[in-house]
Amino acid sequence: MIEITKRTISFFKNLTFIKQIDKDTVSDSNNSRFEFIQKEETLAVEMPVALVYNGISHTVMMATPSNLEDFALGFSLAEGVIDRVSDIYGIDVEETCNGVEVQVELATRCFVRLKDLRRTLTGRTGCGICGSEQLEQVTKKLAKLDRTFCFELKKLDGCLALLQQAQTLGKQTGSTHAVGFFSPQGELLAIREDVGRHVALDKLLGWHAKQGKPQGFVLTTSRASYEMVQKTASCGIEMLIAISAATDLAVRMAEECNLTLIGFAREGRATVYTEKVRLKI
């Protein structure tokens, strides 16, 4: 297992992931008229999370304030800010009056490179393209992925069930995305949830890196956008499965880097877009 050196993590007890509110719900009580019924609802917390590298703010994402160490690490790897886990010397999570700051201490080499590639963005819910200064950064070239394992498609139904069962936040709120990492045998190794699909994936990629990048694949409750493909492939993961559809750019990018891309994953069916050589029927 790879660990961050000089790790400095501080979390606040009042940094919560869900909130309880009273709200009026309209329901058809007797099939003839609607009425307001007051009930308690559980909401997922969404707040600005700023990533600050060596004291300089780099990006602000709207996110759920959980697993923020994983988020910082995964984002840094997927965006090319760092090359390896050891490029981060410390992570400190600080609550502010407006949100959360994740202070990341970078190796000097990476910080110099970051200043050259600087982009400052204020994402909507997990939007990772907003604010890019150069269009080329959006469609950056990815290395070809190796083909190191084969997955039996008959195990996909079980994976979908495991991901559904493990969505603690999603079950409580109904408003979050979930991303799970599975072994080639279909074992659920980790799950991360967030109001933003890209942020949820960043959190999972951070976990994946800390574990030494084990073999396996990603299963997400969202669609497969080009950025989901880009982030997954850039971290060396060979397969991405989405419950919803893929976009055309996502498919083209998956073809270019040899990533197995699957969409519309449902019980008993799925759409294979690319690289079916990793699949066994």
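Quick reminder: no glycine exception, Cβ is built from N, Cα and C everywhere.
On a predicted model such as this, the values are computed, not experimentally measured, just so you know.
Listed in Swiss-Prot for this protein:
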- C127: active site, cysteine persulfide intermediate (ACT_SITE)
- F264, A265, R266, E267, G268, R269: Mo-bis(molybdopterin guanine dinucleotide) binding site (BINDING)
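Feature map: Swiss-Prot annotations on the structure.
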residue	record	contacts (Cβ under 8 Å, 6+ apart)
F264	Mo-bis(molybdopterin guanine dinucleotide) binding site	A242, I243, S244, A245, A270, T271
A265	Mo-bis(molybdopterin guanine dinucleotide) binding site	L156, L160, L219, I241, A242, I243
R266	Mo-bis(molybdopterin guanine dinucleotide) binding site	L160, I243
E267	Mo-bis(molybdopterin guanine dinucleotide) binding site	D157, L160
G268	Mo-bis(molybdopterin guanine dinucleotide) binding site	D157
R269	Mo-bis(molybdopterin guanine dinucleotide) binding site	none
Suppose the Mo-bis(molybdopterin guanine dinucleotide) site is F264, A265, R266, E267, G268, R269. Which further residues of the same chain have a Cβ inside 8 angstroms of that site's Cβ centroid? L156, D157, L160, A270
